[in-house]
Amino acid sequence: MEHLFDYVGHFGRFQAYLYFASAFQTISCGIHYLASVFIAVTPKFICRAPGNISTVLLPNASTLRLEDAWESWTSKDYLVVQQENGDIWELNQCSRLKREDASYLTYFYDGNKTLFSCSNGYHYDKSNLESSIVTEWDLVCDREWLAKLIQPIFMLGVLIGAVIFGDIADRVGRRPIIWITSTGQFLFGIAVAFTFDYYSFVIVRFLLAMVSSGYYVVVFVYLTEYVGIKARTWASMHVHAFFAVGVMIVSLVGFLVRTWWIYQIILSLTTLPFVLCCWMLPETPFWLYSQGKYKEVEKLIRTIEKWNKISTPCKLSELCPAQETHVDQPNTLKNHNVLDLFYNWSFARRTITVWLIWFTGSLGYYVFALNSVNLGGNEYLNLFLTGAVEIPSYIVACLGMDKIGRRNTLAPFLIISAVICGVIMLIPQDHSTVTIAMSMAGKFSIAVAFGLIYLYTAELYPTIVRSLAVGSGSMMCRIGSVVAPFCVYLTDVWIFMPQMLVGIMAFLTGILTLTLPETLGIPLTSTMEEAAEMGTTSGITKRKALTESNGVVMEKLDQTTDNAAS
């Protein structure tokens with residue numbers, strides 16, 4: 001089927017329409033993946049007094065309104081409040097004390113006090129945020145752990161959705177799954193805003209994660225099956241750029257809308273335009289051909305010819321001769337499992353390194369993104385910048401891997417990101433502008449590495465286990481995204497703990513990456529023996545001579561990008 005693009009064009013008008021229409025929907029994936037940054041915000045809070053407050057005392061000030069005290073109050077202090085009935089309370093974040101003697105009002109008091117729990121709820125600072133799920137369901141103090149599980153549970157849904165929908169799409173086609181998942185994104189996205197308690201919120205968000213991940217996986221395959229080999233690298237890489245646009249939209253909507261359920265509805269409406277037109281998308285020619293639906297392939301070719309203004313009709317039999325079907329090939333691909341990735345010590349070392357790259361890339365990506373709101377300065381601008389720096393990073397990744405090689409681009413940027421993490425740890429905490437700038441540089445570096453690992457993994461393994469290699473690497477990627485929120489929560493232990501963990505992982509992984517063979521200009525391997533020889537002078541020379549004698553420049557990456565998103 002690859003010859004089809006030599007005839008109709010590798011990225012003609014028809015492909016451009018499908019590409020931008022389908023890639024547009026990946027914006028919503030970026031939105032939902034990071035929406036919790038502002039949905040689950042914990043503002044300043046303090047235990048609620050049982051009645052109406054008439055006076056508020058701070059260590060060095062007094063006011064009549066609690067709203068006026070938030071700016072001066074810090075969590076290490078308690079508030080002294082006098083109620084309209086004369087009772088005096090000392091309010092902490094997770095407890096409150098009632099003074100026995102209410103005859104005089106002072107901040108400091110050495111008399112008897114009675115300890116009470118926060119059974120009346122909490123006061124929240126609403127100066128910058130009207131509501132979040134934390135304020136809605138009091139996810140603080142002994143319920144704080146529930147708030148911290150929101151993003152990991154979502155990422156677990158991402159992992160499961162990628163596995164389930166990727167497999168179903170191979171069985172029933174890409175188009176039905178695109179319909180189901182994009183519609184699911186809209187419906188579940190809206191439903192999240194109307195959940196009635198924490199548990200219903202988490203369940204619906206989990207389902208939203210599954211369909212969002214399913215769409216992202218399948219649309220990646222869908223688009224690469226419509227783009228010819230000459231444009232496939234750039235086209236597949238820049239699907240990620242649409243995801244980055246979604247991250248920027250999250251920051252913009254979060255800045256404008258401070259009520260969590262309205263914020264969620266507005267973000268979910270970005271899905272609606274695609275839902276209304278996704279039924280018009282055709283099935284891919286690769287999947288139709290693999291299912292023996294040749295008449296539908298012929299019909300699709302006629303449509304592409306019309307859109308791309310191809311004047312000379314061509315038959316499917318001319319593009320795909322019978323001898324290219326390789327009827328016996330599938331039987332050779334069924335007997336392999338993940339243990340084959342540990343074929344020998346050399347392969348085991350290669351696989352462990354590749355898995356570490358996937359894990360570290362995902363870990364660093366989400367740590368930089370999720371932690372951006374903790375850097376100081378304007379948290380909305382910080383998140384916007386983390387999305388904005390991704391777009392040029394993919395351009396650099398494309399240029400680098402085509403000019404200096406995959407390994408020679410990947411390893412330096414991993415090491416650079418590690419160095420940047422170290423530099424961030426040395427910056428004084430009052431220099432927030434410098435910290436933000438270095439964090440953006442770190443996000444840029446890790447995004448370069450994360451962007452090209454899909455293709456590099458496929459090139460490192462032979463045809464018989466290539467799907468397994470990319471699929472298992474993708475699984476490590478999802479695990480990294482589940483772990484990332486917990487790393488960010490370690491700022492409670494030490495503010496630079498996330499950067500330290502990412503820095504250590506990136507440095508070790510970058511060094512190990514240097515032990516991998518370079519694949520730029522090297523034909524794809526078909527057997528374990530050929531792949532094992534990759535990187536040796538004799539192996540490269542022998543295989544280059546073989547491909548040149550057959551008049552082949554490089555084996556097409558037909559199934560590489562299909563499995564890259566699995």
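Placement of Cβ uses the backbone N, Cα and C atoms for every residue, glycine included.
Per Swiss-Prot, the features are:
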TRANSMEM  20-40  transmembrane segment
CARBOHYD  Asn52  N-linked glycosylation site
CARBOHYD  Asn60  N-linked glycosylation site
CARBOHYD  Asn112  N-linked glycosylation site
TRANSMEM  149-169  transmembrane segment
TRANSMEM  176-196  transmembrane segment
TRANSMEM  201-221  transmembrane segment
TRANSMEM  237-257  transmembrane segment
TRANSMEM  261-281  transmembrane segment
CARBOHYD  Asn344  N-linked glycosylation site
TRANSMEM  351-371  transmembrane segment
TRANSMEM  381-401  transmembrane segment
TRANSMEM  408-428  transmembrane segment
TRANSMEM  436-456  transmembrane segment
TRANSMEM  468-488  transmembrane segment
TRANSMEM  493-513  transmembrane segment
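Location within the structure of each feature annotated in Swiss-Prot.
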{"residue": "Asn52", "record": "N-linked glycosylation site", "contacts (Cβ under 8 Å, 6+ apart)": "Gln83, Glu84"}
{"residue": "Asn60", "record": "N-linked glycosylation site", "contacts (Cβ under 8 Å, 6+ apart)": "Ser72"}
{"residue": "Asn112", "record": "N-linked glycosylation site", "contacts (Cβ under 8 Å, 6+ apart)": "Arg99, Glu100, Asp101"}
{"residue": "Asn344", "record": "N-linked glycosylation site", "contacts (Cβ under 8 Å, 6+ apart)": "Ala532"}
### Message
Six or more residues beyond either end and a Cβ under 8 Å away: which residues meet both conditions relative to the transmembrane segment (149-169)?
### Response
33, 36, 39-40, 133, 177, 181, 201-202, 205-218, 221, 366, 370, 474-475, 478-479, 481-482, 484-486, 565-566
### Task
State, in range form, which of 237-257, 261-281, 351-371, 408-428 has the highest count of Cβ pairs under 8 Å to the transmembrane segment (436-456).
408-428
### Stretch in 20-40, 237-257, 381-401, 468-488 most in contact with the transmembrane segment (201-221), if contact is a CB pair under 8 A
20-40
### Selected stretch (most C-beta pairs under 8 A with the transmembrane segment (408-428)) from 20-40, 176-196, 237-257, 261-281, 381-401
381-401
